[in-house]
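Single-structure report; data block below.
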Amino acid sequence: MHSSALLCCLVLLTGVRASPGQGTQSENSCTRFPGNLPHMLRDLRDAFSRVKTFFQMKDQLDNILLKESLLEDFKGYLGCQALSEMIQFYLEEVMPQAENHDPDIKEHVNSLGENLKTLRLRLRRCHRFLPCENKSKAVEQVMNAFSKLQEKGVYKAMSEFDIFINYIEAYMTMKIQN
C-alpha cells in the first residue's frame, strides 16, 4: 500500500472512530469534518499535482469543460446534487479512462480517485453536506461536452481537476458557514 493511500486510510479511520460515551461514529465524524476538510482538499491537490502536468500537456483544446455555471450550481440550491454528480462523473467516467492512458500515471490517478472516494464517503456520512436528489443542468452540460470530446475529453477533464477541487472547496465552505 502506498504511503499516500495509507495516510488517507489513517486519516479516515481517525476521523470516524468515536470516543466512548460521545455519541455515534457518524455524529463524531461530522463534528470533526469541517476541521478535516482542509486536509482532505490538500490531499486531493497533492494527488492531482502528480498527474496535472501529464494531462495539461495532452489537453490541446482551448475550451473550458468546468464552466462558471457549475460553480454557480455548487453555490446554489442544486449544490449538493451538482457535487454528488460531479464526484460520480470523475470516479466512474473520467478516472477509469485516465488510468488507461499511460502506465506511469495509472497509480497516481488511482490514488487521486481513492482520495475522492474518501471525501465522498465522509460527505455521505454527514447528511447535512450531501442531502440531495435533483439533477444539475451544469453537470449535465459537462457530461455532454465530455462525451462529445471523445478521447480528448479525458485530457480536458483531468487537466481541469484543480478547478473541480476549488469548486468543492467553495461548496463546502458555504455549507460549513451555514
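Each residue, glycine too, has its Cβ placed from N, Cα and C.
Taken verbatim from Swiss-Prot:
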- 1-18: signal peptide (SIGNAL)
- C30-C126: disulfide bond (DISULFID)
- C80-C132: disulfide bond (DISULFID)
- N134: N-linked glycosylation site (CARBOHYD)
Rounded to the nearest Å, what's the C-alpha distance separating C80 (disulfide bond) and C126 (disulfide bond)? Just drop the number here, would you? 12
Quick one: give me the count of other CB atoms within 10 A of the CB of C30 (disulfide bond). 18
Reduced DSSP assignment, C132 (disulfide bond): coil
Among the disulfide-bonded residues C80, C132, whose Cβ has the fewest other Cβ atoms within 10 Å? C132
Give the distance between the Cα atoms of C126 (disulfide bond) and C132 (disulfide bond), rounded to the nearest whole Å. 12
